[in-house]
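Now, the feature entries from Swiss-Prot:
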- Arg37, Gly38, Asp91, Asp92, Leu93, Val94, Asp95, Thr96, Gly97, Asn98, Thr99: 5-phospho-alpha-D-ribose 1-diphosphate binding site (BINDING)
- Asp92: Mg(2+) binding site (BINDING)
- Asp95, Ile138: guanine binding site (BINDING)
- Asp95, Ile138: xanthine binding site (BINDING)
- Asp95, Thr96, Gly97, Asn98, Thr99, Trp137, Ile138: GMP binding site (BINDING)
Amino acid sequence: MSEKYVVTWDMFQMHARRLSERLLPASQWKGIIAVSRGGLFPAAVLARELGLRHIETVCIASYHDHNNQGELQVLHAAQVPNGGEGFIVVDDLVDTGNTARAIRQMYPNAKFVTVFAKPAGAELVDDYVIDIPQNTWIEQPWDLGLTFVPPLSRK
């Protein structure tokens with residue numbers, strides 16, 4: 001990936017709250033299925049904003065490092081009735097669409113949303129907030145840490 005898009009906690013919360021607004025009224029939802037790990041963070045915001053307490057997870061591993069997506073491994077699948085009807089499936093990002101296709105097969109009746117979407121996968125989700133170019137790596141706030149940076153005069 002040649003470009004980077006750095007997301008701060010403030011930006012992330014703002015975007016996740018905007019996504020929550022689009023999911024109102026909350027009474028239509030039975031719960032949330034968070035795609036682990038990236039979907040855990042927006043799931044917490046959605047749960048708070050929509051007043052939902054029933055949160056499940058689906059654990060799918062696909063990224064092995066910043067540049068390489070590998071074969072999908074379903075490590076855990078939430079057991080919900082009726083193909084996920086009445087549930088929101090949430091992930092931080094839809095990228096190539098590989099994970100999204102697997103999710104769609106597992107929960108065909110759920111509402112599938114992400115905070116960010118790249119062109120190759122955008123059509124696979126029901127809603128998202130921010131368009132990201134395909135060749136851009138997203139640096140999410142939970143993957144970053146604060147470190148000391150020396151003054152320019154000391155370099």
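Cβ atoms are placed via backbone N, Cα and C, with glycine included.
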For Asp91 (5-phospho-alpha-D-ribose 1-diphosphate binding site): DSSP state (helix, strand, coil): strand
In three-state DSSP terms, the structure that Thr99 (5-phospho-alpha-D-ribose 1-diphosphate binding site) belongs to: helix
Among Asp95, Gly97, the one of these binding-site residues whose Cβ has the fewest neighbouring Cβ atoms within 10 Å: Gly97
Among Leu93, Ile138, the one of these binding-site residues whose Cβ has the fewest neighbouring Cβ atoms within 10 Å: Ile138
Span of Asp95, Thr96, Gly97, Asn98, Thr99, Trp137, Ile138 around GMP - largest C-alpha separation, Å: 17
Packing count at Asn98 (GMP binding site) (other Cβ atoms within 10 Å of its Cβ): 18
Cβ-based isolation winner (fewest other Cβ atoms within 10 Å) among the binding-site residues Thr96, Thr99: Thr96
